[in-house]
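> Residues annotated as compositional bias 'Acidic residues' in Swiss-Prot: 1-11, 19-29. Per Swiss-Prot, region 'Disordered' is recorded for 1-38. According to Swiss-Prot, the feature Zn(2+) binding site maps to 146, 150, 156, an assignment based on sequence analysis.
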């Protein structure tokens, strides 16, 4: 949903410690370099220390987001509980329930940097993963990629053609990251 305006302790969120130096990329920008991601991670008041340990860490989040950005980006990822998720969805979308991910896209800066906040509601993400028979790690990866695409102007709610384009991108990006098709 788009609104305009340390070390891993959980093996499901394990990652390769390499920095990817020397890797070829299909996502190089016009200057012949990979897009850069400036990433901050925040936790809402409802997210306690125990839950933080089970969430994907900053490095893993960056690894998931990097193939989903097509120009330099500055993202804040915020993990929230049901109360904050519901309040944000109500305030900005006039819907009185918490949703899985909200993207607050602030547009592109004059220097071409895409700026956005991605807000993930942990209880909703966890419930959906269980109900859909997905691993939690795969569902978080999917929703982060989904939110990043929204931040760059993709919108599945504009029509079937736009939805198909966005889903195809998500499937391709997630496959490159080693995740299954989230729509099966």
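Each Cβ is built from the backbone N, Cα and C atoms, and glycine gets one as well.
A description of the local structural setting of each listed feature is requested, covering burial, neighbours and distances.
If you take the C-beta of residue 146 (Zn(2+) binding site) and look for same-chain residues 6 or more apart in sequence within under 8 angstroms, you find 101, 166, 170.
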> Looking only at 150, 156, the binding-site residues on record, which one has the least crowded Cβ, with the fewest other Cβ atoms within 10 Å?
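Comparing Cβ neighbours within 10 Å for the binding-site residues 150, 156, 156 has the fewest.
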